[in-house]
Amino acid sequence: MDINLTALVAAIAVMSAPVVLAALGETITEKAGVVNLSLDGTILLAAMVSFVVAFETRSPVLGALAGAGTGAIVAAIVAAIGVQLGQSQVAVGFALTFLCRDLAYFLGSGHSRVEGPQFEPLPVPLLSELPLLGKAFFSHSILVYLSFIAIPLCAYLMYRTRWGLIIRSVGENPEAAWARGINPIMVRMAATIGGGAMVGLAGATYSLSVKPGWGHPQGCEGIGWIALALVIFGSWNPTRVVVGAYLFGLLQLMGIYFQDAFTTIPPQIFQVAPFPLMIFTLVIIHFSHGKKGVLARWVRMFSGKPPKAMGRPYRRN
Amino acid sequence: MNSTRNLPQMLLGQARDILLISLLALGAVCCLLLALGISPADIASTLATGAVGSWLKFNHVLTVWVPLLLCCCGLLFTFRAGLWNIGIEGQVILGAIGTTLLLRADSLGLPPSLLIGLALCAGFISGGLWGGFAGLLKNRGGVNEIFGGLGLNFVAQGFILWLILGPWKREGIASMSGTDLFARELWMYTPPGWRVAPASIVIAICAFLVTWYILSRTRFGLRVKAVGANPAAAPLYSIRPDRTGLAAMILGGGIAGIAGGLQVTCVYHRLLPPISSGYGYLALLVVMLANYKAGPVPIICLLFAALAAGSIQLPITLQLDSSLSGVIQGACVVAALLVYGWRKSRKGGA
């Protein structure tokens, strides 16, 4: 079996682009101590809105902006009920997952399976001429480049800026942050809405670039849950989360490429693999805590703890 | 607290909540429909005729109501213990698989009715084990029950696909449409002119009564409640939160497993990939709308089932997507969270 490595890397970069965006957005949200569980529905609704807006205005850029706006609005509802009113974030996120999914199918049914605009590949001048690397990294659509840029940007924001420090402090200990003059509720709302906009962009990436078009099913169903799992798999560290996202892209492609090569492995294994892997990782991390030895130390080096106040509503007394 | 308020006042407060929630949710949906140029009255009449227009249509409502109510019963246990059992969908699937496993063993030479009963028990056990697995992962493996359960849902989905396309495939061809139909005598009895097996309705009602009784009238129910209300204080009364939570997960998973088993024996008479039909997830919405209380659950289940069944009519008469029912259900739950949250924050502020 002959696999062109350059084509494989390029395919992984495209397949993983929306997953990277969504997982990074959720990482920012969870770092601030908020769980936005609505990802799966948000991605679908944003994908629908982006496609319809791009179709009606003939402008993919407006479509992508509308997608990001949709993600931000859904996240704002999560923030209003889960942060402002202090209701269970899991509950509101879960309800919105299904509301958004059905809303997307209902509102989008008129634009199902129609030919629409999409982001064309935009080779970077000079860089795309590079042998091997050019085809793999610099001949994609603008949303895929955006997913590349988002990685260092996100890591920088989180660990090298004052804003990142504020976000993390609110996720670890909102009471202490309040004592230092930071309003945890405002920061959490901002982080949720900002992260939601990135999730919305992930939806736009699907309907305008990776799997262009709209339909029932669109093809991005289930990705939101994967992104949520990846945040845990990457132990809330943007760089590790992204590594997980690319591994998932590789796994997805393996399911397609190797289906004929390994007929003994049912293709369903590749589709459900990320979740058992995540559970397995969490269990290993759990058992390495408090243990001595090289292996346990090694595991601890590559794992992190969840934000201490994650999911816990902050109340001012 | 509730004890200081008298009953009429409490009922009045609840009635006001219900009114507010339905006004908010239905108002939002109506605005959306009007913006799209669709008459809400048309939708309402289509949904109503789709749900109760004929005896057969009402039968369809009941076929949704039965598994939905069973899933809700399972969730009442886990929510009472303070656990978010999102893995209920997988527990329904495993229950269906367990039931099918026994129904396929027709060489046992047992009378059919006994075999069906045993098969439902197998569904209870397999669903319970799947729920218990998620509970163990939480207690011993440090995996939060939400993500563990979600992961196990995907595993269960992969498992059922593998069974249907692999070991349990149809004679000759493997097909996504499911396994072979069971022998007629292994179908649960459905009277002529009915679509729903009366026994399944009885099972669902019994399950609800038992759930209500255990949770409100037994020592175990009190323990579950104590763990859910304050897991840190429960050990002071020598209640172990981990064990009680695990028991709630097993029991809840078991009841969800029966729902899966009934889908196999009464509705589809075979195992097929979407056997759980998303009832587990829908049940989570129902229990949230009921504010995690048992009382309103059967009625909300009936309303949700009527919406789901009635929406099948939408594409036929109005050329609209049937997912509108999900929009209405979701809007109700979000409105409820808003109203309950608002109520809570006002109480906290006063």
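Even glycines carry a Cβ here, placed using N, Cα and C.
As written in TrEMBL, here are the features:
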| type | residues | note |
| --- | --- | --- |
| TRANSMEM | B:58-79 | transmembrane segment |
| TRANSMEM | B:86-103 | transmembrane segment |
| TRANSMEM | B:115-137 | transmembrane segment |
| TRANSMEM | B:146-165 | transmembrane segment |
| TRANSMEM | B:196-215 | transmembrane segment |
| TRANSMEM | B:246-265 | transmembrane segment |
| TRANSMEM | B:271-290 | transmembrane segment |
| TRANSMEM | B:297-316 | transmembrane segment |
| TRANSMEM | B:322-342 | transmembrane segment |
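Segment contact holds for the transmembrane segment (B:58-79) and the transmembrane segment (B:196-215), given three or more CB pairs below 8 angstroms at sequence separation of 6 or more. Simply put, out of B:115-137, B:246-265, B:271-290, B:246-265 has the most Cβ pairs sitting under 8 Å from the transmembrane segment (B:196-215). Beyond the ends of the transmembrane segment (B:322-342), by six or more residues, the same chain brings 17, 20-22, 24-26, 28-29, 32, 43, 47, 282, 285, 288-289, 291, 304, 307-308, 310-312, 314-315 to within a C-beta distance below 8 angstroms of the stretch.
Only sequence-distant pairs (6 or more apart) were considered; of these, fewer than three Cβ pairs between the transmembrane segment (B:86-103) and the transmembrane segment (B:297-316) are under 8 A, so the stretches are not in contact.
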